[in-house]
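Chemist: Here's a structure for you.
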Amino acid sequence: MKQIVTNIGLLAGVGHEGKRCLKGKEMAQLNTIANAYLAMEGGRIADYGAMAACPGLAGVEVIDAKGGAVLPSWCDSHTHIVYAGSREQEFVDKIRGLSYAEIAQRGGGILNSADRLHEMSEEELYRQAMRRVDEVIRKGTGCVEIKSGYGLNTEGELKMLRVIRRIKETTRLKVVSTFLGAHAVSRAYKGRQGDYVDLVVNEMIPAVGAEKLADFIDVFCDTGFFTPEETARILEAGAAYGMRPKIHADELASSGGVEVGVRHDALSVDHLESMTEEEIELLLDSQTIPTALPGTSFFLNMPFALGRKMIDRGLPLALASDYNPGSTPSGDMKFIVSLACIKMRLLPAEAINAATFNGACAMGLSDDYGSITRGKVANFFITDPLPSMEFIPYAYTTPLVRRVFLQGVEYK
Ligand code: NIG
Ligand code: FE
């Protein structure tokens, strides 16, 4: 059945037909139409335009936006929302002066989450993850990437990836999955990092590949975690099963992650808090989309990625939440957009494009998601009436999302 959203105060993110992602100056173009309608059919966007040109409403389901804005759903291209329990004790340790890296060196951090995950049933893990999924959908997220990486053994990684598959199957949210066995060396392999990399390559990747559980492969390529050489080996093993890289690079130090990512045609390199200007140049010659995670910089009190510089050099930029129990326990993409404006000096239009269109691109989904374009999936949200698009990051804690639609169906 046909559906039409009427009385849209501002329809944002329209057009950009045929584009894979938005780069440089294009990122400041957030095309909007005031007093608009949006037509859908079969869960996809059929048409849109000015309210004055709205087609007849007979026999059509009408959704009255009551003057609110309509935006394409947030596309959150980097999360770890499947995890067991929480780690607020480490939050307190950080307030008392320990750094994220020091907590990890003492055997805390990711290894704490792995211990909890091993004790938890798959059912309970799914239940806890679904609470977070529900939370982010209500905040306007319509596409999400979810990583494994708290199993750190074959059984645990498969358990996480099966939970991610179940989320794919049981919600209208668009989900892509990433295998992150090389997130940390497990307790069982302490002091035997080489053997752990062998386990990832020889056992975990073939097992994940056999069940086709992952679309992408990730490595935490950073000081104190995995080296660029280990990363290259893991990415090559993943490529044999069709998993394209999306990697954690330059969070704690400029450590070669961008270079190894570009060399292996990574879809994205993410974090980049410690990136250098030379790495910006490397990205210019690639198809790899840099992704900033300003929530992590905020929560860990670390530098922010050079987002302004990357855009000024003509690069595309995506923004994602990194929702995880250690470095940023939040999936609030509106807050991410605000942080990018306030701390990275992105214009509101650039930040909104980075969190929608370019986020979709960083998941390989921009043909179908990320903008209000004819033929794309009807994933969008309706806000309270807004004075302007700039109001969204400006009102940085005001909840503005009123109704959410995924595949043209309202989420209640
Ligand atoms: O992206 N940096 C590596 N992984 C996550 C944090 C994981 C955790 O601390 O649980 C991140 O920040
Ligand atoms: Fe991460």
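Each residue, glycine too, has its Cβ placed from N, Cα and C.
Caution: TrEMBL annotation is automatic and unverified by curators.
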Chemist: According to TrEMBL, Asn324, Gly326 bind N-formimidoyl-L-glutamate; which one of Tyr126, Tyr150, Tyr189 is annotated to that same site?
Modeler: Tyr150
Chemist: Which one of His16, His248 goes with His78, His80, Asp322 at the Zn(2+) site, as TrEMBL has it?
Modeler: His248
Chemist: In TrEMBL, the residues Arg87, Tyr150, Glu251, Ser327 are said to bind 4-imidazolone-5-propanoate. Which of His183, His264 is said to bind at that same site?
Modeler: His183
Chemist: Out of Arg87, Tyr150, Asp322, which binding-site residues have CB atoms lying under 6 Å from ligand 1?
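Modeler: The qualifying binding-site residues are Asp322.
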Chemist: Please find which two of Tyr150, Asn324, Gly326 have the most distant C-alpha atoms, given that the record lists them as binding N-formimidoyl-L-glutamate, and give only that distance in angstrom, rounded to a whole number.
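Modeler: In whole numbers, the farthest two Cα atoms are 11 Å apart.
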Chemist: How does the model score the domain 'Amidohydrolase-related' (71-391) in terms of mean pLDDT?
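Modeler: That stretch averages a pLDDT of 97.
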Chemist: Can you see whether DSSP assigns Asn324 (N-formimidoyl-L-glutamate binding site) to helix, strand or coil?
Modeler: strand
Chemist: Measuring CB to CB from Glu251 (4-imidazolone-5-propanoate binding site), give everything in the same chain under 8 Å that is also at least six residues away in sequence.
Modeler: Phe220, Asp222, His271, Leu272, Glu273, Ser274, Thr296, Met302
Chemist: Going by C-alpha positions, which of the binding-site residues (His78, Arg87, Tyr150, His183, His248) is nearest Gly326 (N-formimidoyl-L-glutamate binding site)?
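Modeler: Answer for the nearest of the binding-site residues: Arg87.
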